[in-house]
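Annotated features in Swiss-Prot:
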- Gly26, Pro27, Glu28, Ser29, Ser30, Gly31, Lys32, Thr33: ATP binding site (BINDING)
Amino acid sequence: STGSLGVDLALGVGGLPRGRVVEIFGPESSGKTTLCLEAIAQCQKNGGICAFIDAEHAFDPIYARKLGVKVEELYLSQPDTGEQALEICDTLVRSGGIDMVVVDSVAALVPKAEIEGEMGDSHVGLQARLMSQALRKLTGHIKRTNTLVVFINQIRMKIGVMFGSPETTTGGNALKFYASVRLDIRRTGQIKKGDDVIGNETKVKVIKNKVAPPFRQAEFDILYGEGISWEGELIDL
(Lines of atoms letter the chains of each structure in order from A and count residues from 1; the text may use other names and numbers.)
(Lines give C-alpha, C1' and ligand atoms only; values in the text may rest on other atoms or scores of the structure.)
Protein backbone atom coordinates (compact mmCIF):
# COMPACT_ATOMS: atom_id res chain seq x y z
CA SER A 1 0.00 0.00 0.00
CA THR A 2 1.09 3.57 -0.63
CA GLY A 3 -0.65 4.90 2.48
CA SER A 4 -3.13 6.70 0.23
CA LEU A 5 -6.45 4.99 -0.56
CA GLY A 6 -6.89 6.99 -3.76
CA VAL A 7 -3.44 6.10 -5.11
CA ASP A 8 -3.93 2.42 -4.20
CA LEU A 9 -7.18 2.43 -6.19
CA ALA A 10 -5.62 4.30 -9.12
CA LEU A 11 -2.79 1.74 -9.27
CA GLY A 12 -5.42 -0.95 -9.82
CA VAL A 13 -3.61 -3.62 -7.79
CA GLY A 14 -4.13 -2.13 -4.33
CA GLY A 15 -0.69 -0.56 -4.06
CA LEU A 16 2.81 -0.66 -5.52
CA PRO A 17 3.65 -3.98 -7.25
CA ARG A 18 6.44 -6.17 -5.85
CA GLY A 19 9.24 -7.48 -8.04
CA ARG A 20 9.04 -4.30 -10.12
CA VAL A 21 10.71 -0.94 -10.61
CA VAL A 22 8.54 2.09 -9.80
CA GLU A 23 9.33 5.72 -10.63
CA ILE A 24 7.71 8.59 -8.72
CA PHE A 25 8.45 11.98 -10.23
CA GLY A 26 7.31 15.57 -9.84
CA PRO A 27 8.43 19.15 -9.19
CA GLU A 28 10.18 20.07 -5.95
CA SER A 29 8.18 19.75 -2.72
CA SER A 30 5.28 18.01 -4.44
CA GLY A 31 5.16 15.13 -1.95
CA LYS A 32 7.38 12.50 -3.62
CA THR A 33 9.38 11.61 -0.52
CA THR A 34 6.27 11.83 1.68
CA LEU A 35 4.46 9.29 -0.51
CA CYS A 36 7.48 6.96 -0.33
CA LEU A 37 7.79 7.30 3.45
CA GLU A 38 4.05 6.55 3.80
CA ALA A 39 4.56 3.42 1.67
CA ILE A 40 7.54 2.39 3.84
CA ALA A 41 5.40 2.82 6.97
CA GLN A 42 2.68 0.58 5.45
CA CYS A 43 5.26 -2.02 4.40
CA GLN A 44 6.75 -2.06 7.93
CA LYS A 45 3.26 -2.40 9.44
CA ASN A 46 2.88 -5.61 7.46
CA GLY A 47 6.18 -6.92 8.80
CA GLY A 48 8.26 -5.90 5.78
CA ILE A 49 11.88 -4.77 5.89
CA CYS A 50 12.66 -1.52 4.08
CA ALA A 51 15.75 0.38 2.97
CA PHE A 52 16.13 4.05 2.10
CA ILE A 53 19.07 5.14 -0.05
CA ASP A 54 19.36 8.84 0.64
CA ALA A 55 21.50 10.22 -2.18
CA GLU A 56 20.14 13.72 -1.51
CA HIS A 57 21.36 13.56 2.11
CA ALA A 58 18.04 15.10 3.15
CA PHE A 59 16.40 12.31 5.16
CA ASP A 60 14.55 13.69 8.18
CA PRO A 61 14.07 10.98 10.85
CA ILE A 62 11.70 13.16 12.90
CA TYR A 63 9.34 13.68 9.95
CA ALA A 64 9.62 10.01 8.96
CA ARG A 65 8.65 9.00 12.49
CA LYS A 66 5.60 11.28 12.36
CA LEU A 67 4.47 9.45 9.22
CA GLY A 68 4.66 6.13 11.07
CA VAL A 69 8.07 4.93 9.85
CA LYS A 70 9.94 2.80 12.38
CA VAL A 71 13.23 4.62 11.84
CA GLU A 72 15.25 2.25 14.03
CA GLU A 73 14.19 -0.67 11.77
CA LEU A 74 14.90 1.19 8.52
CA TYR A 75 18.12 0.47 6.64
CA LEU A 76 19.43 3.94 5.82
CA SER A 77 22.35 4.63 3.52
CA GLN A 78 23.83 7.99 2.51
CA PRO A 79 26.21 7.17 -0.35
CA ASP A 80 28.79 9.57 -1.78
CA THR A 81 28.52 8.70 -5.47
CA GLY A 82 25.87 7.44 -7.88
CA GLU A 83 27.83 4.22 -8.46
CA GLN A 84 27.96 3.56 -4.73
CA ALA A 85 24.21 4.19 -4.35
CA LEU A 86 23.27 1.80 -7.15
CA GLU A 87 25.77 -0.81 -5.95
CA ILE A 88 24.17 -0.67 -2.46
CA CYS A 89 20.72 -0.95 -4.05
CA ASP A 90 21.84 -4.01 -6.05
CA THR A 91 23.39 -5.66 -2.97
CA LEU A 92 20.23 -5.08 -0.92
CA VAL A 93 18.02 -6.51 -3.68
CA ARG A 94 20.26 -9.53 -4.24
CA SER A 95 20.26 -10.34 -0.51
CA GLY A 96 16.57 -11.24 -0.82
CA GLY A 97 15.99 -10.03 2.73
CA ILE A 98 14.55 -6.62 1.85
CA ASP A 99 10.96 -6.03 0.75
CA MET A 100 11.24 -2.44 -0.43
CA VAL A 101 14.11 -0.14 -1.44
CA VAL A 102 13.63 3.59 -2.05
CA VAL A 103 16.26 5.62 -3.93
CA ASP A 104 15.96 9.37 -3.25
CA SER A 105 16.64 10.68 -5.86
CA VAL A 106 17.85 9.85 -9.37
CA ALA A 107 18.94 13.48 -9.85
CA ALA A 108 21.31 13.14 -6.89
CA LEU A 109 23.01 10.01 -8.27
CA VAL A 110 26.14 11.84 -9.41
CA PRO A 111 28.73 9.72 -11.24
CA LYS A 112 32.12 9.39 -9.53
CA ALA A 113 33.93 10.96 -12.48
CA GLU A 114 31.82 14.09 -12.12
CA ILE A 115 32.41 14.37 -8.36
CA GLU A 116 36.16 13.95 -8.79
CA GLY A 117 36.38 16.19 -11.87
CA GLU A 118 36.69 19.96 -12.07
CA MET A 119 33.65 22.24 -11.92
CA GLY A 120 33.73 23.23 -15.59
CA ASP A 121 34.33 19.75 -17.04
CA SER A 122 31.74 18.33 -19.39
CA HIS A 123 30.22 15.02 -18.29
CA VAL A 124 27.55 14.60 -20.94
CA GLY A 125 25.48 11.44 -20.72
CA LEU A 126 27.44 9.95 -17.81
CA GLN A 127 24.45 9.75 -15.50
CA ALA A 128 22.20 8.28 -18.19
CA ARG A 129 24.81 5.60 -18.93
CA LEU A 130 25.15 4.84 -15.22
CA MET A 131 21.37 4.43 -14.86
CA SER A 132 20.97 2.22 -17.90
CA GLN A 133 23.84 -0.07 -16.83
CA ALA A 134 22.50 -0.35 -13.29
CA LEU A 135 18.92 -1.03 -14.36
CA ARG A 136 19.95 -3.72 -16.84
CA LYS A 137 21.67 -5.50 -13.98
CA LEU A 138 19.05 -4.75 -11.32
CA THR A 139 15.87 -5.79 -13.14
CA GLY A 140 16.66 -9.51 -13.12
CA HIS A 141 17.57 -9.51 -9.43
CA ILE A 142 14.42 -7.52 -8.57
CA LYS A 143 12.22 -10.05 -10.36
CA ARG A 144 13.97 -13.01 -8.76
CA THR A 145 13.82 -11.75 -5.17
CA ASN A 146 10.39 -10.08 -5.57
CA THR A 147 11.67 -6.77 -4.18
CA LEU A 148 9.97 -3.44 -4.81
CA VAL A 149 12.42 -0.72 -5.87
CA VAL A 150 11.15 2.87 -5.98
CA PHE A 151 13.16 5.61 -7.68
CA ILE A 152 12.23 9.19 -6.81
CA ASN A 153 12.94 11.56 -9.69
CA GLN A 154 12.84 15.29 -10.33
CA ILE A 155 11.53 17.20 -13.32
CA ARG A 156 13.70 19.29 -15.63
CA MET A 157 12.76 21.62 -18.48
CA LYS A 158 13.92 20.74 -21.98
CA ILE A 159 15.27 23.78 -23.79
CA GLY A 160 13.79 24.88 -27.12
CA VAL A 161 10.79 22.54 -27.24
CA MET A 162 8.21 24.01 -29.64
CA PHE A 163 5.44 21.43 -29.22
CA GLY A 164 4.74 18.65 -26.76
CA SER A 165 5.65 18.86 -23.10
CA PRO A 166 8.92 20.65 -22.29
CA GLU A 167 9.22 18.61 -19.09
CA THR A 168 11.56 15.67 -18.78
CA THR A 169 12.91 13.55 -15.92
CA THR A 170 16.61 13.27 -15.10
CA GLY A 171 18.86 10.29 -15.71
CA GLY A 172 18.14 9.49 -19.36
CA ASN A 173 15.46 7.21 -20.80
CA ALA A 174 16.40 3.89 -19.19
CA LEU A 175 14.19 4.35 -16.13
CA LYS A 176 11.16 5.17 -18.31
CA PHE A 177 11.54 1.80 -20.02
CA TYR A 178 12.41 -0.33 -17.01
CA ALA A 179 9.76 1.11 -14.66
CA SER A 180 6.54 -0.94 -14.53
CA VAL A 181 4.73 1.93 -12.85
CA ARG A 182 5.39 5.67 -13.24
CA LEU A 183 3.59 8.14 -10.97
CA ASP A 184 3.45 11.86 -11.70
CA ILE A 185 2.81 13.77 -8.47
CA ARG A 186 1.91 17.49 -8.36
CA ARG A 187 0.91 20.06 -5.80
CA THR A 188 -2.40 21.54 -7.00
CA GLY A 189 -3.25 23.93 -4.18
CA GLN A 190 -2.88 24.88 -0.54
CA ILE A 191 -4.95 23.84 2.45
CA LYS A 192 -5.65 26.71 4.79
CA LYS A 193 -6.95 26.97 8.31
CA GLY A 194 -7.86 30.61 8.68
CA ASP A 195 -4.87 32.42 7.20
CA ASP A 196 -2.33 29.69 7.93
CA VAL A 197 -1.32 27.21 5.27
CA ILE A 198 -1.45 23.76 6.91
CA GLY A 199 -0.85 21.51 3.90
CA ASN A 200 -0.91 20.88 0.16
CA GLU A 201 -3.59 19.54 -2.14
CA THR A 202 -1.87 16.87 -4.19
CA LYS A 203 -2.72 15.08 -7.42
CA VAL A 204 -1.15 11.82 -8.59
CA LYS A 205 -1.43 10.55 -12.16
CA VAL A 206 -0.46 7.01 -13.12
CA ILE A 207 1.46 7.82 -16.32
CA LYS A 208 2.54 4.24 -17.01
CA ASN A 209 1.23 0.99 -15.58
CA LYS A 210 2.21 -2.48 -16.75
CA VAL A 211 0.24 -4.30 -14.05
CA ALA A 212 -3.17 -2.59 -14.50
CA PRO A 213 -4.79 -0.01 -16.81
CA PRO A 214 -2.81 3.27 -16.79
CA PHE A 215 -3.89 6.95 -16.78
CA ARG A 216 -5.99 6.83 -13.63
CA GLN A 217 -5.57 9.60 -11.11
CA ALA A 218 -6.03 10.32 -7.44
CA GLU A 219 -6.26 13.46 -5.35
CA PHE A 220 -5.41 13.73 -1.67
CA ASP A 221 -4.19 16.18 0.95
CA ILE A 222 -0.75 16.20 2.53
CA LEU A 223 -0.79 17.96 5.89
CA TYR A 224 2.49 19.49 7.08
CA GLY A 225 4.13 17.37 9.75
CA GLU A 226 1.42 14.71 9.50
CA GLY A 227 1.50 13.26 6.01
CA ILE A 228 -1.42 12.06 3.92
CA SER A 229 -4.81 12.95 5.41
CA TRP A 230 -6.85 9.74 5.74
CA GLU A 231 -10.01 11.51 6.82
CA GLY A 232 -9.92 13.84 3.83
CA GLU A 233 -9.55 10.89 1.47
CA LEU A 234 -12.39 8.91 2.99
CA ILE A 235 -14.69 11.93 2.67
CA ASP A 236 -13.63 12.49 -0.96
CA LEU A 237 -14.08 8.84 -1.91
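Count begins at 1; order follows the chain as displayed.
Keep in mind that glycine also has a Cβ here, set from the backbone N, Cα and C atoms.
Keep in mind that what you see is a predicted model, and the values were worked out from it rather than measured.
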Under a criterion of Cβ-Cβ distance under 8 Å and sequence separation of at least 6, what residues of the same chain contact Gly26 (ATP binding site)?
Lys32, Gln154, Ile155, Asp184, Ile185, Arg186
Over all shown protein chains, what is the count of other CB atoms within 10 A of the CB belonging to Thr33 (ATP binding site)?
23
Using the structure shown, find which entry in Pro27, Glu28, Ser29, Gly31, Lys32 (the binding-site residues) has the sparsest Cβ neighbourhood within 10 Å.
Glu28
Same chain, not part of Gly26, Pro27, Glu28, Ser29, Ser30, Gly31, Lys32, Thr33: whose C-beta falls within 8 angstroms of the C-beta centre of the ATP site? Give them in sequence order.
Ile185, Arg187
To see if you understand the setup: which same-chain residues, six or more apart in sequence, place their Cβ under 8 Å from that of Ser30 (ATP binding site)?
Ile185, Arg186, Arg187, Asn200, Thr202
Per DSSP, three-state class assigned to Gly31 (ATP binding site):
coil
